[in-house]
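To start, the structure itself, in structure tokens.
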Amino acid sequence: MADASPARPRGRADRVTAACDDGGEMTNAAPVSARRDLTQAPLLVAARGGAPSHVPVWFMRQAGRSLPEYREVRAGVPMLQACFTPELACEVTLQPVRRHGVDAAILFSDIVVPLAAAGVDLDIVPGTGPVVADPVRSAADVAALPALDPAQVEPVAQAVRLLVGELGQTPLIGFAGAPFTLASYLVEGGPSRHHERTKALMHSDPETWHALLDHLAGLTLEFLRVQVAAGVDALQLFDSWAGALSEADYRRFVLPHSRRVLSGLADAGVPLIHFGVGTGELLGAMREAGADVVGVDWRVPLDEAARRVGPGVALQGNLDPALLFAGWDVVEAEVRRIVEQGHAADGHIFNLGHGVMPETDPAVLTRVVELVHSLPVAPERERVRS
Ligand SMILES: Cc1c2[nH]c(c1CCC(=O)O)Cc1[nH]c(c(CCC(=O)O)c1C)Cc1[nH]c(c(CCC(=O)O)c1C)Cc1[nH]c(c(C)c1CCC(=O)O)C2
């Protein structure tokens, strides 16, 4: 796992703008008491069910291969090494904010970063995703999993501190993978279409399964607390592959562990967003896990999603990322429909239904931001939040 070391890549000064160059100092510890006053930031207002000045918008995977400036600074630097290089992570995080004028930055990192930091032997393979050297399939494998020492993710905390100093009035979203999605990578050994080994383990050996998810919930909680202490303004818990489960299995094998993570952050003072793909049938159960905002993919319209989650929770979504290739007339009609249907929710954060694809034309994303910002926010109505 040599490429996860916090060593800086050569040529750093050429790749990173002055904004993220900390002059070689690794001790730029902005106290959290100096946290910016973002009480009016549209993303945070919408997340809490208030009335924002405009509909906030950001894009999952907004930092990535769709941007030429990303491809330039990442050239020759392996993904995990980039995640453990604070100046580079900072620079890449800022790129979509500068280019698109989105309402939030999302920390450039990956869901497997805390596992790699703790010492799990894995890599992120371009075009494939995370690959784990020794998949976790037995009680002994689970018992051997390392815990996370916050010092192991200090480069991530440092990236957050650099960003908080550069972002002005734009909130920074921190994130982690939820226990189920992390478990899927660990058990399958890599990306999986059907999650068959994962489902086999949960059903054939529930005790080992729950021990695994309990361990991952603790590690995730630790990682998110580090990000909060360093200054992130909101958190997203990615349970990307939870939609592979029936509601009954989700409730029995996953929900208690995701709830433990989210309830452990209830006093963190930042809004919590919970997202998965293909989770239309799980939206009510995911809401019970305790987030302030539930992410929705493109399969369920937001007015129907609002009915499924019930009052008192905001929604995030849900433009189909594939439709960004369909021409502006299609995109414009979809954006207008989604903003209109989002009025049914107790707060709406515009986003895609999943991540930006690498071949996406970034100019279309910039135009989406401009259009969302020009559309009316939900009319004032009775809010049920306290
Ligand atoms: C499932 C998952 C992963 N990683 C992540 C998830 C949950 C989100 C989702 O559902 O998409 C989370 C993630 N990964 C990355 C971000 C960056 C922040 C952002 O949204 O801009 C975020 C939020 C960077 C990344 N993570 C990865 C890339 C691409 C690698 C590169 O640019 O070299 C980026 C920008 C690698 C990665 N890492 C993972 C995959 C499936 C891949 C893609 C593999 C590939 O297509 O090459 C695992």
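Quick reminder: no glycine exception, Cβ is built from N, Cα and C everywhere.
Around HIS354 (substrate binding site), the C-beta neighbours below 8 angstroms that are at least 6 residues distant in the chain are MET60, SER240, VAL277, ASP297, TRP298, PRO321. Annotation comment: TrEMBL describes ARG61, GLN62, ALA63, GLY64, ARG65, ASP110, TYR185, SER240, HIS354 as substrate binding site.
Remote same-chain partners of the domain 'Uroporphyrinogen decarboxylase (URO-D)' (56-65), defined as residues 6 or more beyond its termini with a Cβ less than 8 Å from a stretch Cβ, comprise 41-43, 45-46, 71, 92-93, 95-96, 100, 102-106, 108, 173, 275, 349-352, 354-356, 358, 365, 368-369, 372-373. TrEMBL lists 56-65 (among others) with the feature domain 'Uroporphyrinogen decarboxylase (URO-D)'.
Long-range neighbours of the domain 'Uroporphyrinogen decarboxylase (URO-D)' (173-189) within the same chain, counting only residues 6 or more positions beyond its ends whose Cβ lies under 8 Å from a Cβ of the stretch, are 58, 104-107, 109, 111-112, 114-115, 120, 122, 129-132, 135-137, 160, 195, 197-198, 201, 209, 212-213, 216-217, 220, 223-224, 227-228, 232-242, 245, 253-254, 257-258, 261, 273-274, 276. Per TrEMBL, the feature domain 'Uroporphyrinogen decarboxylase (URO-D)' maps to 173-189 (among others).
For 1-30, the entry in TrEMBL reads region 'Disordered'.
According to TrEMBL, the feature site 'Transition state stabilizer' maps to ASP110. Secondary structure at ASP110 (site 'Transition state stabilizer'), taken from DSSP and collapsed to helix, strand or coil, is coil. Of all the Cβ atoms in the protein chains shown, 19 others lie within 10 Å of the Cβ of ASP110 (site 'Transition state stabilizer').
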Rounded Cα-Cα span from ASP110 (site 'Transition state stabilizer') to ALA63 (substrate binding site), Å: 11
Inter-residue C-alpha distance, ARG65 (substrate binding site) and ASP110 (site 'Transition state stabilizer') (nearest angstrom): 14
Cβ neighbours of ALA63 (substrate binding site) where a neighbour is any other Cβ within 10 Å: 24
Between TYR185 (substrate binding site) and ASP110 (site 'Transition state stabilizer'), the C-alpha gap once rounded to whole angstrom: 13
Rounded inter-Cα distance in Å - ASP110 (site 'Transition state stabilizer'), ARG61 (substrate binding site): 10
Where the C-beta lies under 6 angstroms from ligand 1, the matching recorded positions among ARG61, ALA63, ARG65, ASP110, TYR185: ARG61, ALA63, ARG65, ASP110
